[in-house]
Amino acid sequence: MATGRRSGSRGDAIVLLLLIVAAGSIYTNATNFQPVSDSHRSAAVEIFTPVDGSFESIEETYEAVQTFKILGIEAKPDVRVTACTSVSEVLGASSSPLKELFYALKVSSLLKCDGSQFEATASRLKSIPSNAKSLNDLYYSIAALVLIKNQSPEADVLLDDADGVFQAIKALSQSDGRWRYSSDNPASSTYAAGMALEALAGVISLATKDIGKSRINVVKSDILKLFDSIEKYDDGTFYFDDKSGTVSSLATTSSVVQGVTAFASAASGTLNLPEDKILGLTKYFLSIGIPGDAKEFFNQVNSVSCLENSRVSIPLILTLPATVISLTKKDKLKVKVTTALSSRSPPLSVKVVSASISGSKDVSVIENQELVFDEEGALHVLDLPASIDVGKYIFVFEIVFHNSKDGKIYAPGGQTKVPVHVSGTIKIEKFEISVLDSDVGSIDTQKQLNFETENDVSLDANHLQKLRLSFQLSTPQGNAFKPHQAILKLKHEKAEHIFMIGNSGKHFQVILDFLGLVEKFFYLSGRYDIQLTVGDTVMENSFYQAIGHVELDLPEAPEKAPRPPLQSVDPFLRYGAKGEISHIFRSPEKRPPENLSLAFLVLTLLPFLGFLVGLLKLGLNLKNFPSASVPAMFAILFHVGIGAILSLYALFWLKMDLFTTLKTLSLLGAFAMFVGHRILSHVASSSSKLKSA
């Protein structure tokens, strides 16, 4: 029986999932990248949460404080006191590793901690670069000296042998632009290249005289070689891979970006890197979304900040606040151009170079159309032409600077492709279902359907007849529309069958010849519920509708006919909440009056009182109690055991259950029997000695 046009089930969920997956796989080279936004700020406060007012390490402290600074977060945790205390401890300890000194100075530069220890730290670090044997030592010592120089200009941090240190770092480079960690390790690393470039930038900053231009140009050539090995995804994003498998692509790309931007800022002249690769690196970081890991979050935000504040070129991100435009609501196409950190762009115009149906590059519905700039919302807006129809489009945008000098500072990346869904209401007409006679094809039964209301048709058919379902779909412009999914489902209590509905232009039709389907239907006669699904990402009135049912009369199944598969059990029915169980407890039995119970208690105590009186009459004494220490101990333990057994009886009467009582009694009984046997043996031995005497 039909349950309405919006009835849901697992089949409905599966169909919708197919629609979503299909929509996401339509575009391979067009993506709408979103810049850093308030969502990142909210996530940063949650990810970087101190414990008891501090972070676990000085490195985590730097990453948190630097992230808060880049994102401009005001409501951040106050860790200055604890962080500066940690900085003072690290700088004051002579055994602090170079890496901890480096991060302590990083934190100090951000929080403006006390710099009284900078001179001593500088004197310790200054001799390390000339004698360092590994890239790690060179990197951390040089970077730490640069940090001291920036915080305390009067400190003596300049390198007398800067040229020699520069050459020592350059000696670790490889012909492909990668670097080695040490001369003893032949393996090269892209991640190490980023460290080396940042160290070289530090040497330039710490040199007492300028590094030779030829040496600078050689390093610039190495950077170009490094960019020749850059990897690319289909969506236009670029990234670096370390190849070793020990460092992630995000960490490697972040290292290279920090190294390249640091070197470009320190070295003289310009570093001419391909604009599309700079923009592609930025898009790579943005494509990650919001990482859940603190280290990855820092690498993303810090790298984007390095690119935005570098001397190479500042990437501009063209994004659409909404990639679904409704013709029904008369939405406008809106474009926003900002930097990766959502800063405003310089004066510019945005132009639609072309807009074509996805998969059809030859037909363009919009060409060379400039968008109107809305100053209030900082958006570029375009009213879609009346001729545009529903569908999936690829819009190609181009940025044009009003000032030609901005083209040397910013990197718009040429033309940008963005997928756009233009949605609307699809007209559904001539919606009908029929039962046909198989021999001549004449209509036996025909029902008109209306997808906007509930349908509950009831049909009868046998194996010599056919079932036909047909309808027409057209766009708001009257063009033929082919949805991504048009599915007819016949569902029996023991099996279900799905049929795809084909089309010819606007006309959609499926004919089921039951004579050829008896085996597929497992010769199961009876009621088959009819369900229809028509859906697409641009079809605003997509629907999943129960149409009604058909009573199907099929012949008896032969002996070797296939049997229907076992139907999967809905996990919600198996593991979902069960119905509440109501227990009916037996009414408590009627108890005697309280006075009668107390009188009975007194009567039960009378024999015990008689026992005590009898003991007194018999002249109970302790004359035969053993005097020797060991027999006396066993005698005491025996009486304790008897007392414990009596106490156990009392506990059983008051609250203990039978099984616990029996288990405890077995232990106490064994104990009492052991010590009782020893004391009785002693008594028997003493008695025999007394008689013999």
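Here the Cβ of each residue, glycine as well, is placed from N, Cα and C on the backbone.
Just so you know, TrEMBL annotations are computer predictions that nobody has curated.
Bear in mind that the values here come from a model prediction, so they are computed numbers and not experimental data.
TrEMBL has this to say about the protein:
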type	residues	note
SIGNAL	1-30	signal peptide
DOMAIN	37-308	domain 'Ribophorin II N-terminal'
DOMAIN	316-422	domain 'Ribophorin II second'
DOMAIN	429-552	domain 'Ribophorin II third'
DOMAIN	585-685	domain 'Ribophorin II C-terminal'
TRANSMEM	596-620	transmembrane segment
TRANSMEM	632-652	transmembrane segment
TRANSMEM	658-680	transmembrane segment
- Taking DSSP helix as H, G and I and strand as E and B, the domain 'Ribophorin II third' (429-552) has 4 helix, 75 strand, 45 coil
- Residue distribution over DSSP helix, strand and coil in the domain 'Ribophorin II second' (316-422): 5 helix, 60 strand, 42 coil
- Message: Given a Cβ distance threshold of under 8 angstroms, which distant residues of the chain, six or more beyond its ends, lie next to the transmembrane segment (658-680)?
- Response: 626, 631, 634-635, 637-638, 641-642, 644-645, 648, 651-652
- Using DSSP, what's the helix, strand and coil tally for the domain 'Ribophorin II C-terminal' (585-685)? 79 helix, 0 strand, 22 coil
- Which whole-number mean pLDDT does the model give the domain 'Ribophorin II N-terminal' (37-308)? 93
